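Colleague: Below are the features listed in TrEMBL for this protein:
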- C70: active site, proton donor/acceptor (ACT_SITE)
- C194: active site, proton donor/acceptor (ACT_SITE)
- D7, S8, Y39, G40, N71, T72, T195, H196: substrate binding site (BINDING)
Amino acid sequence: MAVGVFDSGLGGLTVFDAVARRLPDVPFVYLGDNAHAPYGVRTPDDIFNLTCRSVERLWDEGCDLVILACNTASAAALRRMQETWIPADKRVLGVFVPLIEALTERQWGDNSPPREVAVQHVALFATPATVSSRAFQRELAFRAIGVDVEAQPCAGVVDAIEQGDEMLAEALVHSHVEALKRRMPRPQAAILGCTHYPLLERVFREALGPEVKVYSQADIVAESLADYLSRHTHMRGRGGQTRFLTTGDPVAVSHKATQFLRRRLEFEAA
Ligand code: DGL
């Protein structure tokens, strides 16, 4: 048994890296649906169907607990999956709620009524599908009042990252940050609401300026998974090796993944 980590492509490796460092004894199976990336320009139905298919694949690998290391799937599909599809003996957790709990200064699972929080002006950078789902605003409204969110759909950034075109990705980040700042000149906090974006965190920070607090989703998710596994020890895998699966070309994906994480990763065909 292992813990499953899913993303449309390579971005989820930023989350995998943080959870694997935080939980060195837990075996993971990472699945990238590279054949169908990016998800961020797809319809909610499409994202739901593709995500369910990948989660089933991870269940076949013995992963009763799957982390959707993909904001697009978490925003556009997770609620529907939980309400209509996931059997009682399996768990699928997203990356959105831990981030919002950190932003609103809450402990895991604190369901007390929404209250005022320190941060009032939040910039959200995410894929077009995540932005149009409005899942971030919905989850935030359960926990905080009076927070103004300005969301920027960052078209093209995931594609440029998946294709390894760093210059294009950097230029796109600058133009998306400028577009957001025209609507919200002084954000206090910025959420990099796509697991691909930490690969460009330096560029986001430069473009946003030093006074903006940038939330690091990967570390927040790692803490929250460690906390979850300490309370649900039967979901914690034992023994076994961490493996990397892809629906794309394993040779090409291994090459890009190795560039991203700056260490050798070997993908197998899913
Ligand atoms: N990395 C994913 C996310 O967090 C998906 C990006 C995509 O496939 O468009 O949103």
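Residue positions begin at 1 at the first shown residue.
Placement of Cβ uses the backbone N, Cα and C atoms for every residue, glycine included.
Describe the structural context of each listed feature in the structure shown, including burial, neighbouring residues and relevant distances.
Modeller: For C70 (active site, proton donor/acceptor), other Cβ atoms within 10 Å of its Cβ number 34.
A C-beta separation below 8 Å, combined with a sequence spacing of at least six in one chain, links C194 (active site, proton donor/acceptor) to G11, G40, N71, T72, F125, A126, T127, T130, C154, V157, V158.
In the three-state DSSP classification, T72 (substrate binding site) falls within a helix.
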Colleague: How many Å separate the Cα atoms of T195 (substrate binding site) and C70 (active site, proton donor/acceptor)?
Modeller: 6
Colleague: Could you round the CA separation between C70 (active site, proton donor/acceptor) and Y39 (substrate binding site) to a whole angstrom and send it over?
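Modeller: The separation of the Cα atoms works out to 9 Å.
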